[in-house]
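Asker: Per Swiss-Prot, region 'E7 terminal domain' is recorded for 1-47. What Swiss-Prot lists as motif 'LXCXE motif' is 27-31, and the listing cites sequence analysis. Annotated zinc finger per Swiss-Prot: 56-94, in sequence order, evidence recorded as sequence analysis. According to Swiss-Prot, the motif 'Nuclear export signal' annotation covers 76-84.
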Amino acid sequence: MIGKEVTVQDFTLELSELQPEVLPVDLLCEEELPNEQETEEESDIDRTVFKIIAPCGCSSCEVNLRIFVNATDTGIRTLQDLLISDLQLLCPECRGNCKHGGF
């Protein structure tokens, strides 16, 4: 660079000197577009509305919580496993008594 201001002439770009793994790649060259039948199959995933009644996770509360979800069979089973093992729902009153990150 000569002078106080940068000009386009100050930059020289030598793409031929780049390593093969750094060279630009046409991102569409290896892409396969799904046909219409595959697209329809993806949109036809069966979802069902479920009503879930679960007790509040706080030991001193006796409130039953009711939530509604729209899920696949796999999704509702995963949620059921979480509710049985690691996940506990809290009512708004018990949530107000909790601190962020724990009780």
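From the backbone N, Cα and C atoms, a Cβ is placed for every residue, glycine too.
On a predicted model such as this, the values are computed, not experimentally measured, just so you know.
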Asker: I'd like the per-state residue tally for the zinc finger (56-94) from DSSP, helix first, then strand, then coil.
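Answerer: Summed by class, the stretch gives 15 helix, 8 strand, 16 coil.
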Asker: Could you give the mean pLDDT over the motif 'Nuclear export signal' (76-84), rounded to a whole number?
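Answerer: Mean pLDDT, the motif 'Nuclear export signal' (76-84): 93.
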